[in-house]
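Participant: According to Swiss-Prot, the feature active site, nucleophile maps to SER129. According to Swiss-Prot, the feature active site maps to ASP184. What Swiss-Prot records for HIS197 is active site, proton donor/acceptor, and it gives similarity to another entry as the kind of evidence. Here Swiss-Prot flags CYS41-CYS118, CYS67-CYS79, CYS180-CYS187 as disulfide bond. Per Swiss-Prot, the feature signal peptide maps to 1-16; the stated evidence is sequence analysis. As annotated by Swiss-Prot, site 'Transition state stabilizer' applies to SER52, GLN130, with the evidence given as similarity to another entry.
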Amino acid sequence: MNYKLLTLALASLAAANPIERQRKIHPAVLSGGDELRNGDCQPVTFIFARASTEQGLLGGSTGPALCNRLKSALDGVACQGVGPKYQATLAANALPKGTSDEAIEEAQSLFQLAAEKCPDTQIVAGGYSQGTAVMHGAIPGLDDALKDKIKGVVLFGDTRNQQDNGQIPDFPKDKIKIYCAAGDMVCYGTLIVAAPHFSYIADVPDAADFLVSKLE
C-alpha cells in the first residue's frame, strides 16, 4: 500500500474540495452521531464509519446524509458513528487491514452495545472509504447471534472490495450492498484517490432504500 501516493492524490484534490461540495448537497445534520451511547433505544440503530479526515462521528458527507434519509423514512432511528478511538487518519489506510485495530475494536463494541442495551433494535450499518475497512474488519469477528441482528450494510468507495472479493467475510452477501463508482481506484486494491471517490452522495437514496428493505 503506497501511503505517499495516497497523500499526493488527496493533496491534488484539495483545491476542488469535493467533500465540501457534498456537504452543500445535504447540509442538514439531524444527529450528532452519538445516539446509541447517549440516547434512548430506538427500533432501528444505524452504525456508520466515516471516511479519512472527515470530522464528527458521522463525518460530513454520506454518513449524515444517510442518517437523515433513514430518519425521514422510518419512525425511530438512532444514528451512531464510530469514534473517538477511530480517528480516520490518512496513515491508517496503509495498515494491513486498511484501518487500525483500535477502530475495528471500537466498531465491534458499538455493535455489541446495540445488542446489549437495546435487545429489540434492528441494526443497519455503513461505511465510506476507510470506514468500509472498519466494517470489513469488525463484522466478521462478531458472534453469529449478533451478525443475525445486523440486517443490512452499505459500503461507499470500498477500500477492501477487491481484497475481500466484493463481500464482508463470514457475513451473508445478500445483506451487503457495495457502491463503487466508475473510475474509483480504491475499489480495485489501490490507494489512488480520484474524483469519482467523492461522488457517493448520489447513492445515498438507493442505499437508504436498500437498508429499509432489509428491516423486518
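Numbering starts at 1 and runs along the chain as it is shown here.
Placement of Cβ uses the backbone N, Cα and C atoms for every residue, glycine included.
Thinking about packing and proximity, how do these listed features fit into the structure?
Facilitator: Secondary structure at SER129 (active site, nucleophile), taken from DSSP and collapsed to helix, strand or coil, is coil. Annotation for SER129 (active site, nucleophile): spatial neighbours ALA51, SER52, PHE156, GLY157, THR159, VAL186, HIS197, criterion Cβ-Cβ under 8 Å with sequence separation of six or more.
In the three-state DSSP scheme, ASP184 (active site) is classed as coil. Sequence-distant neighbours of ASP184 (active site) (same chain, 6+ apart, CB under 8 A from its CB) are GLY157, ALA194, PRO196, HIS197, SER199.
Within 10 Å of the Cβ of HIS197 (active site, proton donor/acceptor) there are 26 other Cβ atoms, across all protein chains.
Around CYS41 (disulfide bond), the C-beta neighbours below 8 angstroms that are at least 6 residues distant in the chain are ALA78, LYS117, CYS118, ASP120, THR121.
Cβ-based neighbour count (10 Å, all protein chains) for CYS79 (disulfide bond) stands at 28.
Taking the Cβ of SER52 (site 'Transition state stabilizer') as centre and 10 Å as the limit, one finds 22 other Cβ atoms among all the protein chains shown.
Taking Cβ-Cβ distances under 8 Å and a sequence gap of 6 or more within the same chain, the neighbours of GLN130 (site 'Transition state stabilizer') are ALA49, ARG50, ALA51, SER52, ALA88, ALA92, ASN93, GLY98, THR99, THR159.
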Participant: Expressed to the nearest Å, what is the distance separating CYS180 (disulfide bond) and CYS79 (disulfide bond) at their Cα atoms?
Facilitator: 24
